[in-house]
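Worksheet: one structure, shown below.
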Amino acid sequence: MEKRPEDTRVVVGMSGGVDSSVAALLLKEQGYDVIGIFMKNWDDTDENGFCTATEDYEDVIRVCNQIGIPYYAVNFEKQYYEKVFQYFLDEYKAGRTPNPDVLCNKEIKFKAFLEHALSLGADYLATGHYARVDRSGGKVRMLRGIDENKDQTYFLNQLTEDTLSKVMFPIGELQKSRVREIAKEAELATATKKDSTGICFIGERNFKTFLSQYLPAQPGDMMTMDGEVKGRHDGLMYYTIGQRHGLGIGGSGEPWFAVGKDLEKNILYVDQGFHNPLLYSDKITATNISWVRSDIMKGEEISCTAKFRYRQEDHKVTVRMTGEGEAEVIFDEQVRAVTPGQAVVFYDGEECLGGGTIDDVYKDGTKLWYV
């Protein structure tokens with residue numbers, strides 16, 4: 001039998017933003033025994049000694065005092081550096097475009113932090129993610145958030161039913177606009193705070209400047225597949241397949257896009273046209289395949305839909321397992337700018353089935369020059 005809310009301890013991961021603030025407020029109003037915990041994963045003190053984490057923690061303190069719940073901070077900087085940031089650098093070094101948020105959720109928020117919460121006697125860990133957990137029928141399923149524009153299951157694709165059985169997403173049933181309203185009605189300190197964007201450890205800083213501190217850039221030629229040099233690139237790691245901005249190629253005609261990379265020769269391939277055939281593929285291989293429920297992949301393959309980047313429409317695909325955690329994903333129709341290193345995430349209607357990491361990209365049986 002389930003415990004009553006007042007006998008159920010929920011640790012809320014609080015970032016200092018409006019979403020996690022409202023998540024904590026709703027749980028408190030529902031009668032749960034709530035503790036707010038701020039996670040520090042990165043030392044982001046800038047050259048002027050300003051640290052956004054300090055400001056965020058102060059907002060957490062204000063909100064927790066308003067709601068009337070205890071709070072404190074935990075530090076996962078070491079784990080984050082080893083498990084997430086090192087991977088981020090290695091992927092860029094390999095010419096790929098990683099998604100650190102997926103790994104942060106898998107290794108830090110819903111592993112290291114979840115273990116910490118359970119050690120405090122918590123029954124559940126709650127976060128301000130826009131996603132839902134369905135516990136009906138004796139199964140644990142992850143569903144998209146009600147707000148389609150904010151749904152974050154893409155970044156949560158590596159979570160399993162075991163983890164999700166201990167997780168709550170209190171705002172997953174709400175529209176973002178309603179979350180803001182609730183915060184304003186309760187006069188929470190974070191009610192009008194703007195949403196954070198971008199990668200957490202880069203913050204508002206320039207991406208190129210940040211990356212160059214860790215990886216020396218190697219400029220090289222930008223050329224067409226026919227070998228016509230169109231300019232110089234600043235370093236392959238700064239460009240992603242399908243990128244238009246920052247190429248600096250002038251002239252008439254359609255805009256230019258990054259359509260391929262040659263890591264060995266340090267060449268960035270470019271061509272004109274948003275719908276350039278070089279940007280389209282029909283199959284990928286994927287690694288790190290993880291299914292939310294153990295009963296999803298019963299046979300060799302399943303038909304479902306997939307997203308190859310956040311906020312992209314769903315595409316019909318067939319997923320064929322080829323080894324432990326490895327799969328071939330065949331598209332019903334060609335898809336534009338599928339990028340190695342990014343997440344591929346599988347869906348069946350509202351349900352997020354799981355996902356993996358895009359490895360190689362193919363078209364008509366030929367591997368494309370995407371890394």
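We count from 1, first residue shown onward.
Just so you know, glycine gets a Cβ as well, placed from its N, Cα and C.
Swiss-Prot annotations:
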type	residues	note
BINDING	GLY13, MET14, SER15, GLY16, GLY17, VAL18, ASP19, SER20, MET39, GLY128	ATP binding site
DISULFID	CYS104-CYS200	disulfide bond
ACT_SITE	CYS104	active site, nucleophile
SITE	HIS129	site 'Interaction with tRNA'
ACT_SITE	CYS200	active site, cysteine persulfide intermediate
SITE	GLN342	site 'Interaction with tRNA'
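According to DSSP, CYS104 (disulfide bond) is assigned to a helical segment. Comment: ATP site residues GLY13, MET14, SER15, GLY16, GLY17, VAL18, ASP19, SER20, MET39, GLY128; largest CA to CA distance 15 Å, whole number. Under the three-state DSSP scheme, SER15 (ATP binding site) falls in the coil class. Counting every protein chain shown, the number of other Cβ atoms lying within 10 Å of the Cβ of ASP19 (ATP binding site) is 24. Between the alpha carbons (Cα) of CYS200 (disulfide bond) and MET39 (ATP binding site) lies a span of roughly 12 Å. Neighbour counts were taken as the number of other C-beta atoms within 10 angstroms of each residue's C-beta; across the binding-site residues GLY13, GLY17, the minimum falls on GLY17. When the C-alpha distances from GLY17 (ATP binding site) to the recorded positions CYS104, HIS129, GLN342 are tabulated, the minimum falls on HIS129.
When the recorded positions MET39, CYS104, CYS200 are compared by the number of other CB atoms within 10 angstroms of each CB, CYS200 has the fewest.
When the Cα atoms are compared, HIS129 (site 'Interaction with tRNA') and GLY13 (ATP binding site) turn out to be 10 Å apart. Within 10 Å of the C-beta atom of GLN342 (site 'Interaction with tRNA') sit 23 other C-beta atoms, taking all shown protein chains into account. In this structure the alpha carbons, written CA, of GLY13 (ATP binding site) and CYS104 (disulfide bond) are 13 Å apart. Sequence-distant neighbours of SER15 (ATP binding site) (same chain, six or more apart, CB under 8 Å from its CB) are PHE38, MET39, ASP56, VAL60, GLY128, SER196, listed in sequence order. Between the alpha carbons (Cα) of GLN342 (site 'Interaction with tRNA') and CYS104 (disulfide bond) lies a span of roughly 14 Å.
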